Amino acid sequence: MAEPLLVVGLGNPGPTYAKTRHNLGFMVADVLAGRIGSAFKVHKKSGAEVVTGRLAGTSVVLAKPRCYMNESGRQVGPLAKFYSVPPQQIVVIHDELDIDFGRIRLKLGGGEGGHNGLRSVASALGTKNFHRVRIGVGRPPGRKDPAAFVLENFTAAERAEVPTIVEQAADATELLIAQGLEPAQNTVHAW
């Protein structure tokens, strides 16, 4: 992938949401920041938390919006503009209801599937044509509201698996950066 890349982990700010399904993007961004070897700092022009460095040998801007999920675009858009990153060089890491828990899928473009964070980013960029690292959380049981489900903490059984899933999603992000979409999909989708 061309440089620089903007890699964005989606989530909601604050301790109330820190361990919820909707914050998997933030969790992966934290792992990637550790791999870069830097701490997040507030980017004054966008308000997002940002780390700059190299992942998979590529120059990246790693970001976590500090606004609520459904407003993510208002910080991602200014970051993309500030760093002159076109949409096809943006990778958004997020939770995905339509994928089984723990599965990871990569794609470029497509719909938002009811994900308001993706909708906000697409609106701010003026296109849906950006890369996604989709981390499955599965559908809620019974008739539970999906919006409430993603804002709940993981079950005890899920919690035991989350650290491994987050590391795998970070690995998938680095593979996408290093190899491009199709080769990375061939590897990640076989996991």
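Every residue gets a Cβ built from N, Cα and C, even glycine.
In sequence order, Thr20, His22, Asn23, Tyr68, Met69, Leu151 are the residues of the chain that are 6 or more apart from Asn12 (site 'Discriminates between blocked and unblocked aminoacyl-tRNA') and have a CB within less than 8 Å of its CB. Annotation comment: Swiss-Prot describes Asn12 as site 'Discriminates between blocked and unblocked aminoacyl-tRNA'.
Residues annotated as tRNA binding site in Swiss-Prot, with sequence analysis given as evidence: Tyr17, Tyr68, Asn70, Asn116. Cβ neighbours within 10 Å of Asn70 (tRNA binding site), excluding its own Cβ and spanning all shown chains: 14. In the three-state DSSP reading, Asn70 (tRNA binding site) counts as helix.
In the shown protein chains, 23 other C-beta atoms lie within 10 A of the C-beta of His22 (active site, proton acceptor). As annotated by Swiss-Prot, active site, proton acceptor applies to His22.
Annotation comment: Swiss-Prot describes Asp95 as site 'Stabilizes the basic form of H active site to accept a proton'. Neighbours of Asp95 (site 'Stabilizes the basic form of H active site to accept a proton'), defined as other CB atoms within 10 A of its CB across all chains, total 23. For the recorded site, Asp95 (site 'Stabilizes the basic form of H active site to accept a proton'), the DSSP three-state label reads strand.
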Take the C-alpha atoms of Tyr17 (tRNA binding site) and Asp95 (site 'Stabilizes the basic form of H active site to accept a proton') and report the distance between them in angstrom, rounded. 13
Taking 8 Å from the centroid of the Cβ atoms of Tyr17, Tyr68, Asn70, Asn116 as the cut-off, which other residues in that chain fall inside it around the tRNA site? Asn12, His22, Cys67, Met69, Glu71, Ser72, Gly117
Secondary-structure category, per DSSP, in which His22 (active site, proton acceptor) falls: helix
